[in-house]
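*Asks:* Pasting a structure below so you can have a look.
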Amino acid sequence: MSPALAAGLQIASVVAVLALVYVPLGDYMARVYTSSSDLRAESWLYRLARVDPRAEQTWCGYAGSVLGFSLAGVLVLYVLQRIQGVLPLSHGLAGVSPAVAFNTAVSFVTNTNWQSYVPETTMSPLTQSAGLAVQNFVSAAVGMAVAVALIRGLVRVGRGGEVGNFWVDLTRGTLRILLPLAFVIALILLSQGVIQSYRSGFTGVGLDGRPVTTALAPVASQEAIKELGTNGGGVLAANSAHPFENPTPLSNVVQILAILLIPVALTRTFGTMIGNRRQGLTVLAVMAGIYAVILGVTTAAESGARGAAATAAGAMLEGKEVRFGIPGSVLFAVSTTGTSTGAVNSAHDSMSPLGGGAVLVNMLLGEIAPGGVGSGLYGILVLAVIAVFVGGLLVGRTPEFLGKKLRRREITLAALAVLVMPALVLIGTAITVVLPETAAALGNSGDPGTPGAVHGFSEVLYAYASASNNNGSAFGGLTVTSDWFQSSLGLCMLFGRFLPILFVLALAGSLAAQPRTPATAGTLPTAGAGFAGLLTGTVVLVAALTFFPVLALGPIAEALQ
């Protein structure tokens with residue numbers, strides 16, 4: 001089978017399955033978040049937590065619940081890592097060091113899953129299952145809850161800023177959406193050979209005749225939610241390149257589908273909840289258009305040959321698993337950087353300068369194609385607010401979005417939400433590259449302007465882009481075990497997650513308190529090809545104005561050498 005045919009079949013299968021589940025899953029999630037009835041298990045949890053499921057929260061109360069729940073998650077996960085050596089199923093592993101425990105706790109609670117450790121030799125099965133896997137569920141549910149709160153802000157009229165009940169949204173998202181889907185995906189992965197074991201491992205004989213110890217872990221259960229919740233942290237160091245995590249081309253396609261499933265279907269949920277499904281299709285069209293362009297650029301870059309080894313092989317095969325090839329590796333890379341997943345089935349650091357630059361740009365666009373679970377939707381809706389404001393300036397009208405006026409407060413909150421990530425990326429990169437100890441952490445270095453120095457700069461830029469966007473993937477040539485990287489990247493993950501959430505919830509509260517303004521002849525239509533073009537242009541323009549200079553110093557300069 002030719003690479004072109006393989007690529008076409010994989011893309012077609014992913015698109016076909018997403019098209020089949022788009023309507024039923026999107027409408028189901030809308031019913032989950034608008035239903036007035038509770039499941040028996042949910043009612044029991046509400047009584048246990050002393051939560052009134054019928055009580056509404058203002059955006060301040062909702063934000064306080066998000067922050068309080070997440071802070072508790074960081075503390076519990078940190079303590080669990082520190083004391084894992086004295087807990088059951090430790091398999092002889094000691095407690096995790098304070099710096100790594102902090103970085104990991106922040107990473108998993110913020111849905112980033114940045115891993116500055118080797119999972120097999122650092123985390124016990126108990127820590128993996130009771131700590132990291134739990135956060136994979138609830139951190140995804142938090143993102144979905146915030147997206148739904150913003151939708152309610154657009155729908156509700158004069159509700160005093162009430163945007164729902166965080167505890168209800170969190171519980172329903174976990175029990176009714178994430179758990180059932182993860183269970184089904186885990187069964188499919190098990191059928192493909194993904195392992196599920198609490199044994200410490202086994203010893204065999206390698207090709208050279210020497211004993212080789214192979215680690216085992218409860219992989220299938222965590223692999224499912226790792227992809228479904230756009231988390232990305234692997235149970236094994238090689239992540240989805242490891243045959244125990246991703247053994248076959250079919251399991252690879254299943255994981256790609258799991259990554260894209262909820263972010264894509266949430267656009268249908270958005271359209272259903274606001275009562276105008278064309279709005280959801282417009283948002284989906286923008287996401288799909290950006291995704292297709294990045295996929296095309298990356299595929300073209302990786303299908304060529306650059307350097308002696310690539311020329312001999314006929315393509316950029318370094319760092320890629322032969323069972324996936326170029327098509328499966330590129331499709332996975334674009335999916336994982338277009339969302340907040342960060343899982344990898346190939347080495348992004350080994351990609352061509354243009355291919356690596358494309359997946360980096362995918363993150364720098366704000367991860368909105370189609371974005372993380374929940375975060376992708378509220379991210380692109382914030383950009384839609386900016387686009388409507390720009391459109392209003394062009395025609396001299398007061399901007400309105402779905403019947404809500406966009407006043408100074410709303411535009412300010414939207415702008416702040418958009419600016420958080422670029423500020424973290426640029427400030428973090430600038431400080432890091434001037435520190436003397438950074439040179440020792442670089443896998444690629446050299447005199448200024450040389451290929452090694454340029455790629456080393458790209459490694460640093462990629463790290464802070466990944467952390468600030470809560471992605472978690474990395475250019476593996478950068479060693480991030482120092483206290484500076486552990487703390488600075490941890491802070492980027494925290495601020496990159498929760499500052500935009502605060503601004504989005506404040507925007508939701510402000511919109512919910514407004515009356516609805518009837519549409520007039522001067523109202524900018526926000527459904528259809530015209531607005532899709534305006535929104536796409538806004539996304540590209542914001543990213544280009546912000547990041548083109550720094551990209552010119554890294555991937556672009558490297559590609560031109």
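Each residue, glycine too, has its Cβ placed from N, Cα and C.
The feature transmembrane segment is assigned by Swiss-Prot to 5-25, 60-80, 86-106, 131-151, 177-197, 247-267, 281-301, 376-396, 415-435, 489-509, 531-551, with sequence analysis given as support.
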*Asks:* Mind checking which residues of the chain, 6+ beyond the ends of the transmembrane segment (489-509), have their Cβ under 8 Å from one of its Cβ atoms?
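*Replies:* Sequence-remote neighbours of the transmembrane segment (489-509) are 58-60, 62-63, 66-67, 70, 102-103, 106-107, 110-112, 114, 116, 146, 149-150, 152-154, 161-163, 375, 378-379, 382, 385, 410, 413-414, 416-417, 420-421, 424-425, 428, 463-464, 467-470, 480.
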*Asks:* Excluding the flanking five residues on each side, which residues at least 6 beyond the ends of the transmembrane segment (5-25) place their CB within less than 8 Å of a CB in that stretch?
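*Replies:* Apart from its flanks, the transmembrane segment (5-25) reaches 249, 253, 256-257, 260-262, 264-265, 268, 295, 299, 325-328, 330-331.
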*Asks:* May I ask whether the transmembrane segment (376-396) has at least three C-beta pairs under 8 Å with the transmembrane segment (531-551), counting pairs 6 or more apart in sequence?
*Replies:* yes
*Asks:* Which sequence-distant residues neighbour the transmembrane segment (376-396)? Criterion: at least 6 residues beyond either end, Cβ under 8 Å.
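*Replies:* Apart from its flanks, the transmembrane segment (376-396) reaches 143, 146-147, 150, 154, 263, 266-267, 270, 283, 286-287, 339-340, 366-370, 406, 410-411, 414-415, 417-418, 500, 503-504, 507, 522, 524, 526, 531, 534-535, 537-539, 542.
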*Asks:* Restricting to CB pairs under 8 Å, which listed stretch, 86-106, 131-151, 177-197, 281-301, 415-435, is in contact most with the transmembrane segment (60-80)?
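*Replies:* Stretch with the highest Cβ contact count: 131-151.
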*Asks:* I need to check the long-range neighbours of the transmembrane segment (281-301): which residues 6 or more away from its ends have a CB within less than 8 Å of a CB in the stretch?
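*Replies:* Counting only partners 6 or more residues beyond its ends, the transmembrane segment (281-301) has Cβ contacts under 8 Å with 7, 11, 263-264, 267-268, 270-271, 316, 326-327, 330-331, 333-334, 338, 351-355, 358-359, 361-362, 365, 368-371, 376-377, 380-381, 384, 526-529, 531-532, 535-536, 539.
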